[in-house]
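Single-structure report; data block below.
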């Protein structure tokens with residue numbers, strides 16, 4: 001007798017071993033039709049898998065997160081089925097699930113085109129309409145090898161070679177004549193795969209190594225139903241409209257080019273935006289007791305060996321040589337700040353000592369990981385380091401937390417999640433030190449009265465960190481600020497202070513950043529605001545435009561007055577119709593356009609229009625200036 005315990009605590013008895021689907025059928029035809037897979041004693045299995053012992057069972061449907069993941073994984077196999085029907089000579093590689101979708105890597109003698117993608121998507125739809133069952137067969141390893149040899153699937157054979165010899169049987173999933181190996185589970189029938197869409201094609205390399213052969217990667221997305229798919233497509237379209245690369249080009253903010261991969265060319269308007277953020281953060285430094293410093297871009301590798309970066313981070317560093325000495329271009333600012341601290345003696349009465357730097361760093365990110373200004377090789381951080389005693393950790397972290405929240409809210413971010421990244425496998429120091437560091441962060445957040453999520457294994461090699469994850473206007477989450485507790489690096493680099501007993505001790509070092517990479521933060525700001533920055537932040541706050549040449553001198557005077565007041569303003573004196581000027585500057589998302597005609601010139605006034613098209617009417621220049629000040633500009 002087999003006893004199956006369901007999530008509500010009820011039990012069902014079966015005389016013989018029973019499949020997940022058979023249990024679902026015993027509950028009801030509707031549930032059986034909706035069944036995708038099962039979780040037996042917490043382990044995901046196929047609907048066809050047989051339970052031969054007393055167990056707990058949760059039926060997985062498309063309403064479950066796991067169900068949607070299974071749908072996506074099965075859609076990847078469906079890509080394989082369609083591709084092999086259309087292009088029999090290609091070689092299938094691997095097709096995993098990723099966030100909100102899936103991809104399949106394929107070796108093809110020629111690159112796939114958009115027309116190919118459309119044909120593949122069409123064939124997938126035709127296969128789904130056939131409403132066929134997906135059949136799972138556990139198959140001996142030797143037989144699997146013979147199956148893929150007969151089909152010429154060289155990459156599948158390589159993947160089998162990589163598997164442990166302990167694996168002597170594999171799940172083979174049959175989509176009619178097409179077969180793929182997988183741990184599973186997969187959907188029992190193609191009717192679950194109707195809400196899918198192929199999204200793009202890109203290049204990839206076998207095993208992610210650029211020295212290996214290039215593959216074609218087909219990306220797609222799949223959901224529980226058409227409604228979810230349509231909502232996703234709408235969200236992606238909105239994200240494309242907000243893409244910082246697109247807006248950066250439209251508004252002439254920056255550009256990137258092949259000769260400098262991962263490095264940004266800032267144009268005047270983009271640099272104006274940068275300066276607004278930098279000066280704002282500089283004020284935060286000053287108000288929080290940070291002394292701003294500036295440290296060298298390159299340092300001898302001996303320092304990076306002492307700091308631990310050489311052993312733990314050198315693959316991400318750039319190096320250069322001069323006069324038979326090897327130098328590293330700094331990937332982080334912390335070792336430099338310790339050198340500043342080490343100049344002179346410090347008493348416990350001097351602590352905490354806080355240094356801040358808009359430090360330019362370089363990291364050798366893989367070219368495939370680069371993405372606009374969100375993922376770059378050269379970047380500037382609002383980097384700060386606090387040298388303090390153990391007893392001061394909680395108060396410093398608490399103060400930073402309150403400060404970070406205030407900054408995020410000022411930039412328009414109200415939904416903030418807090419996480420603690422805990423010790424990684426590759427790390428400095430012993431467990432007792434890590435226990436102390438992680439405990440200090442938990443205590444500080446408890447004192448702040450906030451909830452947090454913990455991320456095992458995601459801390460830096462020298463210490464755990466608090467992470468601030470911000471939700472943007474379309475619901476995407478971005479990781480920005482960090483606060484890290486470091487008991488390691490001060491000792492490795494000889495940082496000391498004299499305690500109340502006249503003994504030399506190593507300070508605790510707190511690594512903190514609020515916006516993190518300036519480049520990345522600006523990219524996020526562009527997308528969050530869709531280029532429509534609040535007046536205080538906009539690279540150009542006001543454009544003053546004349547209707548005819550008769551107002552040119554007055555326009556120049558208004559522009560000069562606003563510039564002298566510290567506003568970012570430009571004039572448009574071109575011989576164009578005013579309607580054309582209004583449209584152009586509205587598309588540039590300039591917050592305010594001042595239109596000057598004869599009436600405004602005679603009355604010493606300005607006619608004010610907003611980028612949304614609202615006509616605020618005529619007002620004195622002083623009244624307009626007061627309006628800007630009221631908006632924080």
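Placement of Cβ uses the backbone N, Cα and C atoms for every residue, glycine included.
Binding of Zn(2+) is attributed by Swiss-Prot to 334, 385, and the same site annotation extends, among 186, 511, 528, 529, to 511.
Excluding the listed site residues 334, 385, 511, the same chain places 332, 333, 337, 383, 384, 484, 486, 489, 509, 510, 512 with Cβ atoms within 8 Å of the centre of the Zn(2+) site Cβ atoms.
Across the domain 'TGS' (1-61), DSSP helix (H, G, I), strand (E, B) and coil residues number 14 helix, 26 strand, 21 coil. Around residue 334 (Zn(2+) binding site), the C-beta neighbours below 8 angstroms that are at least 6 residues distant in the chain are 307, 383, 385, 486, 489, 509, 511.
Cβ neighbour counts within 10 Å, taken over all protein chains shown, single out 385 as the most crowded of the binding-site residues 385, 511. Averaged over the domain 'TGS' (1-61), the predicted model reaches a pLDDT of 96. Mapped onto three states, the DSSP output places residue 334 (Zn(2+) binding site) in helix.
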